[in-house]
Each structure stands twice: as structure tokens, then as C-alpha cells.
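Asker: From Swiss-Prot, here are the annotated features:
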- 114, 117, 205: [4Fe-4S] cluster binding site (BINDING)
- 39-44: motif 'PP-loop motif' (MOTIF)
């Protein structure tokens, strides 16, 4: 397979972004065993490819085990992933669990099955990780997924909550990591096309994409068309939170604010971002030649001395 210079730049960029995310959040450490979850989609294929490349030159030792869950969906091509994983030479496990029948039994026809399917799949993944001795579980969610989830939670859940690059499972047994957290979906898609990954469609179950998620995704794509770079800016905002400029009393001690010694800087008080109002500059505050600044107070309704009184 011959690749262009553009492809090599793309590959380098994805590896660099994943490496930076791994470093920023300490996703992978020396001695880790990482269970790499493969669905057969573009994101998980790209994640495995990037992790294998980083593993070869990493200054630490860690183990990768690829995992695919065969959920017994009708038409699922059972030989595709084993064939690919043997070809690339990575240790792997195929887990068979008929979650498909459970989902079809529990969810009414025509309804979205993704939520229940995800919960069942998560349980199988956690159990498999424990059996294999894997302390890290790698998922293929990317930057766009994180931003999309942020708006879903804000619009429909009333929370400023996204999808964290790293988190502990509820029982504390494993750490879930998302190495593609800094990677854009369009670049992952371009990489997957160039690599000619054997993609397995995600709609074999017959479920429709969640309507709310679809609408938010369309909204973000339209924003990106109108103002390229907007998704990048939104993701950057998730990394630059200013609790004093929100309204969550659990994040910032508003009740503890007092006069006297400032608890936040003047820049934070008056703002320095592009869409804040211009900072208020007090007369004389930046000029040592002015020793005293006087102001006059005019009691309500009283005209200054010597001024003409208004006509009755």
C-alpha cells in the first residue's frame, strides 16, 4: 500500500495528538495492560493503529489486548475482525455474548436501542478486562464525540458535563481512557479511508441513531461550516473553565467573597476575552503622577450649587 505525503502528515498528526492526550491525562503508564475495544468502526480501528505505533517508540512498557464483542446481531461478519487482527499481529480476544436478543426483548420495536445496548456491552467489557488482568480500557471516542456529549447534557440534561478523557469505573477496578480525545472526527475518517480498514456497519441491529444526538451533531457541523475552527474552540473551552464566571456554588465560593483582599485577579473580575465588555479602568489607577482622585456625590434631586433650577 502506497501512501502520499499528505497521508503521512495526517498519520503523524493523529499519533501526536493521541500521544499528547495520553501524556496530559496519564492515560497509559509503565506496566499497564490496555484492553483496546474494537467495534469494527473507523474510530476504534484508528485508535488501535495509533496505539500500536506509539507502543513501538514509547519510553515505557505496556501491553495491548484488542477485544471485540460479538453481540450475535444477524449478519455480523464474524471472520472480519479476527482476520484483520491476525494480520496486524496484535494479541486479541473475541467475546461472544448475545446482548442482541436481550435488547430486542426489552426495547419496543422502532425505539432506539443504543442506551440499553451500551450498558450491556459495558458490563461485558468490564468483566473481560478483569478476567484478562487489564487495568486500562481504551475506547475510541474522539474530540467531536466529547463536544457533542457536552451539548446533549446541556440542552437535554441541564448539566455542563461532557465525556472525560479518563475516568475510573464505578467499582474502581479499572480506568477508562479515550486516547483520541484530541483528534477530529473528519481526520479520523480520512485516515480510515486511506488505511482501507474493513469497516463493519454499526446499524446491523436495525436501531436508528438517537435523534437528539443526530440533531446536535448536525448543529455542530453547520457551525463548523459557518466558522471553521469553532469545534476546536469549544473543546478548548472545556479545558479552560473559569468557575468564578459560572453559577455553581459547589465550584466557587461566592458566599465567601468579601471586600478587601481580592480573591480573584482584576483580569478575572473585568474579563479579557474577546466577547467580554471592555475592562473598567479607574482614573489614576495606572498613573503615578496622580496622587488623589476625587469624586462628587449628588444627592438625589438636588441640583449642584449655582445651577439653574428646572422650571416648575
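Cβ coordinates come from backbone N, Cα and C, glycine included.
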Asker: Cβ under 8 Å to the motif 'PP-loop motif' (39-44), counting only same-chain residues 6 or more beyond its ends: which ones?
Answerer: 68, 80-81, 139-142, 180, 185, 188-189, 191-192, 197-200, 202
Asker: With DSSP as the reference, give the number of residues of the motif 'PP-loop motif' (39-44) in helix, strand and coil.
Answerer: 3 helix, 0 strand, 3 coil
Asker: Within the motif 'PP-loop motif' (39-44), what mean pLDDT does the predicted structure show?
Answerer: 95
